[in-house]
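The region 'Disordered' feature in Swiss-Prot is assigned to 1-144. According to Swiss-Prot, the feature compositional bias 'Basic residues' maps to 14-24, 39-49. Summarising the annotation, Swiss-Prot assigns compositional bias 'Low complexity' to 50-60. Feature annotation from Swiss-Prot assigns phosphoserine to S65, S68, S91; the stated evidence is similarity to another entry. Positions annotated as domain 'JmjC' by Swiss-Prot: 256-401. Annotation source Swiss-Prot lists Fe cation binding site at H302, D304, H367.
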Amino acid sequence: MDELPNGNGAALLKRGRGRRRRHPQSQPRGASVLALPLRPRKIRRHRKSAAASRVAALRARALRSEDSDSKVAVASVRGKRKRPAELLEASRSAEPRPVSARPRSASATLPSRVEGWAALSRNLGTAAPPPPGSHADEPGRPRASPLQQVLTELNGIPSSRRRAARLFEWLLAPLPPDHFYRRLWEREAVLVRRQDRSYYEGLFSTADLDSMLRYEDVQFGQHLDAARYVDGRRETLNPPGRALPAAAWSLYRAGCSLRLLCPQAFSPTVWQFLAVLQEQFGSMAGSNVYLTPPDSQGFAPHYDDIEAFVLQLEGRKLWRVYRPRDPSEELALTSSPNFSQEDLGEPVLQTVLEPGDLLYFPRGFIHQAECQDGVHSLHLTLSTYQRNTWGDFLEAVLPLAVQAAIEENVEFRRGLPRDFMDYMGAQHSDSKDPRRTAFMEKVRVLVARLGHFAPVDAVADQRAKDFIHDSLPPVLTDRERALSVHGLPVRWEAGEPVNVGAQLTTETQVHMLQDGVARLVGEGGRLFLYHTVENSRVYHLEEPKCLEIHPQQADAMELLLRSYPEFVRVGDLPCDSVEDQLSLATMLYDKGLLLTKTPLVPS
């Protein structure tokens, strides 16, 4: 399908393809959600009791479940039933909206790594929702798009975890998220048809892409790819250097699809969208944008190593999705090479995506896409869960477990039998030698003992540290900005700085800036707090950022991390002295990692 940011740098692997074919047969459009099944697959640090009791008292409330107002039918296709097809309707492509503000650069000199919600909402180019009590349908008043409405709603939700859950609920609506995770995630292709062309309005448009080409340093190969799929072959036609409008649009007119890698580096709204959702997944969330000319296909059939959510923004596109061809391709860990049409069977899903529609499919599902009927297509692919499997976790755990077992248990240091090569190895695989049976039993016993030595928490911390480094910097709500160092009224005025000197006291109530903004990790006998507030919107442009936490402040740091979103008095932090309490809280506040219950007043 498409290509997303990958482990190397710019994107998790993904593509987008299709091929000219006859129109799919029509079918009734009564169902708004279509789920297509794949065979399901099965898949410590010591803390003081005082700190633990405080955390128990400050335990965060559980998320409310929110029912969707929409009523939909859910259709499943199982076994070898006839593949679904959607009616290809003649409808106008979405007009690109005018850009009211120039997109931000992807360079290392971004003016602000942490930006406020209200400032980003202004980039949507649509009217803000009317205040309570006003007349939303007043003649002449532009209506806010569903996207801007939900972003405005998120700005009023104090918990970052609840914001992530709400935005994901909106993305799937009317499909309930709990049903999606329980029955469809990693198992089935899902189509959500909304019949609302404005649903994603303001997220990204062809006008945004044109503005980026004009005003930003967009480079072919690094930020933008030009590709086409003709006569069963994929071609990439990237010239060297900057992707100026004349070159990019000439390639588009020549039938090339344009793939924008890592649009979150340029688009504040895409950044905002992904920065919220990454907390929902607990895994890096990336994206690519694909603009495909009418009557063309940009990419060959293939599968990817990420969970893919396709958001149709403009125009229409015919998609064909195929099951993994054999069990080895289910939940694939690497992306496939390009396939020919002869490699494919019958699609399990054949449908035309319209603006506002959503398509999801798991890793290993082969897909291709093409534009037809003289209409272009613009879609954004959101990707996540690259190399985030049990196998990847165990791949990190087991070598460390073996190393620890060798050091701590003499049974792992005993020598192999002198004659083991006489009955072990491929040439002896059919041997009934009892020595072979004994050898295999010994291996099983030792492997079973490895669980005792497995450093599961240490590996979990390392993966959490990697996720912190992968993450986008946080986008702040108005409340988070006002109550953190980011909103202090310090400024230069009349020849001198004013409003300087705001200080925390033992009575100040604080909590972390957001839920997923930091992680405490032990390394080499020292403690470090890795955080996202100084990350770049460009993948791994910066080295991991961290603060060293003194051992006497470790329990206090853990309390702050675990008690979010409840407030804690600085004087209640489990430290040995008031000095330790204030120094920890002040360091975190000054770094932008902590917010207060009420604004600090400069002295």
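In case you wondered, yes, glycine gets a Cβ from its N, Cα and C as well.
Note that the structure is a prediction, hence the values are computed from the model and not measured.
Confidence for the domain 'JmjC' (256-401), expressed as mean pLDDT, is 98. In this view, the densest Cβ surroundings among the binding-site residues H302, H367 belong to H367, judged by other Cβ atoms lying within 10 Å. Just so you know, the Cβ of D304 (Fe cation binding site) picks up 29 other Cβ atoms within 10 Å once every protein chain is counted.
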